[in-house]
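Chemist: Pasting the relevant annotations from TrEMBL:
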type: DOMAIN; residues: 149-481; note: domain 'RCC1-like'
type: REPEAT; residues: 165-216; note: repeat 'RCC1'
type: REPEAT; residues: 217-270; note: repeat 'RCC1'
type: REPEAT; residues: 271-323; note: repeat 'RCC1'
type: REPEAT; residues: 327-380; note: repeat 'RCC1'
type: REPEAT; residues: 381-432; note: repeat 'RCC1'
type: REPEAT; residues: 433-498; note: repeat 'RCC1'
type: REPEAT; residues: 499-534; note: repeat 'RCC1'
Amino acid sequence: MDATTSRGASSSLPLHLIVDDTLALVSPLQQSFQRSQRLCFGDSAPGEFPLAANPSIVLHVLTSCDLNPEDLAHLEATCTFFRKPANFAPDFALSMSELAALDMCQKRAIFKPMSVHERELFKQRCGGSWKLVLRFIMAGEACCRREKSQAIAGPGHSIAVTASGAVYTFGSNNSGQLGHGNLEEEWRPRVVRSLQGIRIIQAAAGAGRTMLVSDAGRVYAFGKDSFGEVEYGGQGSRVVTTPQMVESLKDIYVVQAAIGNFFTAVLSREGRVYTFSWGNDTRLGHQTEPNDMQPHLLTGALENIPVVQIAAGYCYLLALACQPTGMSVYSVGCGLGGKLGHGSRTDEKYPRLIEQFQNLNIQPVVVAAGAWHAAVVGKDGRVCTWGWGRYGCLGHGNEECESIPKVVEALSGVKAVHVATGDYTTFIVSDKGDVYSFGCGESSSLGHNTINEGNNRHTNVLSPELVTSLKRVNERMVQISLTNSIYWNAHTFALTDSGKLYAFGAGDKGQLGTELVAQQSERGTPERVEIDLN
């Protein structure tokens, strides 16, 4: 059950009413009261649940239904059976709802290896409840497709991760970023054989480098031997052509990596953010060098607040935080164009809360950092954008900058569940699996300006438009990835819920995973990549 379908799960639980002839002897008001008692508490004294005699069955049902934490909290609020001690191991004092949350946490790969002590510390960091721990884990899974198939459209090269954790790479390979032990381009997806036996759950691509995260929390990197150089600067001391574990991260259980232009960031299982190489002027609260290989904890406001997702732009970082009071977004780094979202264009050395979401009454659930602009999807499906508005990438019908998050009104009839941003380009995926795009049309990366429709494929789009070429595929889209680089022509991937992958945009280096005809350097319409990610 996914996050969208589970919202109403608590109301759909089968609560049976047993009709009793004695109800005919009392007034209608009393009948209503007694019925509510029977519905919630059974036939005995208030506080007793009909299945109280078989609590193990109840626990099994709660766990197998994969309810979300809000559902479990609602059950606790409506019936004492779910909030009193359940007398089950491992903690006899835990309520039935807390036990169900703990059981669902134990199904997750990132939770299983934890010691009892680590789990207790983790619970306290999340707010002191297993329901809050489950909420934290599920939030990270939803926004990062953790432990699910995914595709990454990097600068000139591409990564595809299957549901089982196998990795395929293709495209440019001038620095060994494909991980095949050579520097040769690949025009078709090719499995990275040296990772056999290692399950990858998340991937990140930068200019000339690749990072992969395993289900054991290990990080593997290859390509340019640097974490923070400028894209066309020096390549460091060497290039790495096969995946190598990042030794400096071996004591940190990593669940996500993000590559910016001047820095790299990783997110730990406990929701802590670490960065590499942001330069010697303390842009992220600490001084480093471009070739610094040591992770540095991101200090400031996020030290004691768990983060579920990070997103790296050209010279800034966004962090989606999960607290008992709700979800929030913090930003740090370069403020040019207003992309930090604080109403100004000044830099921030330490993470700072973006307050506008509270004013808009939006609970952020997914965050995306483009090169010069950013976007968020709220729990209610609204989309906010801010930063440089060049080419219409903010979707507000103009090219003006916005220094605080602004709701994209043109999407008012769409409930968004996913957002992706690139170099002045934005994509939205709706709960129905439809895709909308807007911004820079260069390299045909928007997907809806095709020759067959008689339009200029390079037309910029100032407001969201349905990507009809993907609609015709007749598949439900679940993820979009596009190139987030100011130096490379962009390409785009669209992943369906059945594991099919479609590609369009620039393909001159083989990054589309398909052969181009004659002298073509790009593809204007989506074409299936011959790989099954499920």
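A Cβ is built for glycine as well, from the same backbone N, Cα and C atoms used for every other residue.
The model shown is predicted, which means the values in this text are computed figures rather than measured ones.
A description of the local structural setting of each listed feature is requested, covering burial, neighbours and distances.
Modeler: Across the range of the repeat 'RCC1' (381-432), the DSSP-based residue counts are 6 helix, 23 strand, 23 coil.
In this model, the repeat 'RCC1' (433-498) carries an average pLDDT of 86.
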Chemist: Helix, strand, coil residue numbers for the repeat 'RCC1' (165-216) per DSSP?
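Modeler: Tallying H, G and I as helix, E and B as strand, the rest coil: 3 helix, 24 strand, 25 coil.
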